[in-house]
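Here the structure comes first, spelled out in structure tokens, and everything after it is commentary.
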Amino acid sequence: MSGPRAGFYRQELNKTVWEVPQRLQGLRPVGSGAYGSVCSAYDARLRQKVAVKKLSRPFQSLIHARRTYRELRLLKHLKHENVIGLLDVFTPATSIEDFSEVYLVTTLMGADLNNIVKCQALSDEHVQFLVYQLLRGLKYIHSAGIIHRDLKPSNVAVNEDCELRILDFGLARQADEEMTGYVATRWYRAPEIMLNWMHYNQTVDIWSVGCIMAELLQGKALFPGSDYIDQLKRIMEVVGTPSPEVLAKISSEHARTYIQSLPPMPQKDLSSIFRGANPLAIDLLGRMLVLDSDQRVSAAEALAHAYFSQYHDPEDEPEAEPYDESVEAKERTLEEWKELTYQEVLSFKPPEPPKPPGSLEIEQ
């Protein structure tokens, strides 16, 4: 094995060799998942702490290669304060022939909403600020034509100033794509995805926001189902059984027959579940946790709800450029995905590092 690339160094962490630029110092493992492992580090160029994700076997198969390309392109496309941003992407390879590793550098966030809910009871002001930011990020993502599909507390990062960013777009898919059944952690999953009822739309993410908001308000999950059937039962105990109009929209005959076999349940008054909560919070929840996805509020509509009157500013809730999915919708070979990914790595322009304090702008 030859030595590290010029300007890079190697370090073994959790039985994995990392090869990173010398400006990334003090690598410390912070977690790992199916798609890669993450270290925190100090970036001497950006003068800030960052998260470095090493993708695991990015080109192991056609599916891996397409997912790698997609994740990189999505991260490059999305630039918003409430969405995790790409600070850098690199590979130790110096040619396409050696290209087998991809590292993504993003903002380091301290905690996720899971940690926050476990550690402290949140005030109504906290909940307002967190859910406002979540919806602000979601409005931006949705305006690009992207559905996240996997929103849950562990995918929502928060720093010590209560600033929030949405993470993990590995599973996000374009809005007009054929939809399949198995993606998010079940408790936060909209019923139409969970049971493969019908083609779904961006409001699946709004259902997830409703579940997250409910958890922030009461300190525990709203629908902690033990399996699909239990999950559906818990949902219907709160929102009631679907009306004939909603049933008619369910394309799965199996799901329709099953729901019709259940005893009818009335919709519960949410204020009886969230005792003492701000009535505006309860009103907003009631607009998000709606079985009929056509009747759920959009992210943009939710931002204008009176619950966020302290924060809502239509001039400061930006939208994204549309995301062009045609490139990744095509059938390609593994080598072609790899080549496209390599081009995306090479064409990335990192953000400008901060100017040292006291430095003067010099006119060229």
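In case you wondered, yes, glycine gets a Cβ from its N, Cα and C as well.
Listed in Swiss-Prot for this protein:
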type     : residues                                                             : note
BINDING  : VAL30, GLY31, SER32, GLY33, ALA34, TYR35, GLY36, SER37, VAL38, LYS53 : ATP binding site
BINDING  : GLU71                                                                : nilotinib binding site
COMPBIAS : 314-326                                                              : compositional bias 'Acidic residues'
DOMAIN   : 24-308                                                               : domain 'Protein kinase'
REGION   : 311-331                                                              : region 'Disordered'
REGION   : 343-364                                                              : region 'Disordered'
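Positions of the features from Swiss-Prot, shown on the structure.
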| residue | record | CB count, 10 Å |
| --- | --- | --- |
| VAL30 | ATP binding site | 14 |
| SER32 | ATP binding site | 16 |
| GLY36 | ATP binding site | 21 |
| VAL38 | ATP binding site | 17 |
| GLU71 | nilotinib binding site | 24 |
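Annotated pair the residue listed as 'nilotinib binding site' and GLY36 (ATP binding site), C-alpha to C-alpha distance, rounded: 12 Å. According to DSSP, the secondary structure content of the compositional bias 'Acidic residues' (314-326) in residues is 4 helix, 0 strand, 9 coil. In three-state terms derived from DSSP, the residue listed as 'nilotinib binding site' belongs to a helical segment. On the 0 to 100 pLDDT scale, the domain 'Protein kinase' (24-308) averages 89 in the predicted structure.
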